[in-house]
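Okay, structure first, notes after.
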Amino acid sequence: MNKNKPFIVVIVGPTASGKTELSIELAKRINGEIISGDSMQVYKHMNIGTAKVTPEEMDGIPHHLIDILNPDDTFSAYEFKRLAEDLITDITNRGKVPIIAGGTGLYIQSLIYNYELEDETVTPAQLSIVKQKLSALEHLDNQQLHDYLAQFDAVSAENIHPNNRQRVLRAIEYYLKTKKLLSNRKKVQQFTENYDTLLLGIEMSRKTLYSRINKRVDIMLDHGLFREVQQLVEQGYESCQSMQAIGYKELIPVINGQMIYEDAVNDLKQHSRQYAKRQMTWFKNKMSVHWLDKDNMSLQMMLDEITTQIK
């Protein structure tokens with residue numbers, strides 16, 4: 001260990017890989033507290049679709065950065081980094097081990113390495129204006145929205161597919177907040193680690209992972225995901241950026257009578273599998289991860305290997 005830097009454990013992996021269970025059991029062993037590295041679990045009322053850890057699953061282990069925002073709030077890698085850094089300092093000062101668990105690659109990467117990210121914080125009045133401007137664009141279809149982005153940020157428009165509505169909206173929102181182009185943003189200052197990091201990942205065969213994802217979607221639906229989305233729509237959150245998350249955007253057309261339920265479920269499973277593939281590509285290409293093979297290792301074996309590395 002590097003005694004000059006705070007020690008942290010980071011657990012990454014694709015959706016449905018078992019990060020939550022591993023992080024909780026590890027926290028019990030090493031006197032840890034868990035910081036969520038998931039961009040969606042920060043939102044209140046979005047529990048089932050985000051596979052948010054339940055109080056029962058927490059089993060007494062403190063969890064942070066969960067249920068801190070309303071669905072109409074925005075959250076960025078900058079805000080995550082700022083909050084997580086403060087939490088790491090606090091947890092370390094109390095003699096405990098920070099464990100960051102999540103699948104949002106940019107969030108994890110921005111925390112571990114020296115990233116300079118734009119502060120997109122705006123006043124409530126400014127945020128209200130931004131939301132009004134974004135709301136005025138809701139009626140545009142994907143191509144029209146993409147054309148709008150291209151008017152002021154041609155580079156971002158060239159790099160983002162018109163059907164990736166969430167990324168297009170993100171580029172527009174960034175411009176409205178900062179008056180700067182997302183394509184010009186300087187992300188990396190220096191590629192050095194901020195912490196003494198044990199970076200772990202859970203992997204398994206694609207067949208096993210896809211089976212787990214399909215099963216998880218079925219369980220979410222059995223546990224009331226459709227009703228959760230329905231309630232969020234009824235509360236006026238339908239057009240919020242958070243509702244473009246997988247698990248929510250697929251079911252909104254069903255609620256609005258634009259798609260049959262079975263087709264939406266198939267889309268949800270397919271989108272979840274595609275997202276898992278993108279997650280693994282990110283982690284394997286951009287981060288130096290020590291992988292734990294879930295196909296050949298039990299939870300107990302993983303815990304034993306991790307604790308051996310820490311010692």
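Heads up, the Cβ atoms here are built off N, Cα and C, so glycines get one too.
Segment annotation: TrEMBL labels region 'Interaction with substrate tRNA' over residues 166-170 (candidates 61-65, 166-170, 286-290). Among the ranges 38-41, 90-93, 186-189, 278-281, the stretch that TrEMBL annotates as region 'Interaction with substrate tRNA' is 38-41. Between the C-alpha atoms of THR15 (ATP binding site) and THR104 (site 'Interaction with substrate tRNA'), the distance comes to 10 Å.
Taking CA atoms as the reference points, LYS19 (ATP binding site) and THR104 (site 'Interaction with substrate tRNA') are 12 Å apart. Cβ neighbours within 10 Å of GLY13 (ATP binding site), excluding its own Cβ and spanning all shown chains: 26. Taking the centroid of the Cβ atoms of THR15, ALA16, SER17, GLY18, LYS19, THR20 as the substrate site, the other same-chain residues with Cβ within 8 Å of it are GLY13, PRO14, GLU21, ALA51, GLY103, ILE202, ARG212. Close to the recorded ATP site, the chain also has GLY103, ILE202: residues not among GLY13, PRO14, THR15, ALA16, SER17, GLY18, LYS19, THR20 whose Cβ is within 8 Å of the site's Cβ mean position. In the three-state DSSP assignment, the secondary structure recorded for THR104 (site 'Interaction with substrate tRNA') is coil.
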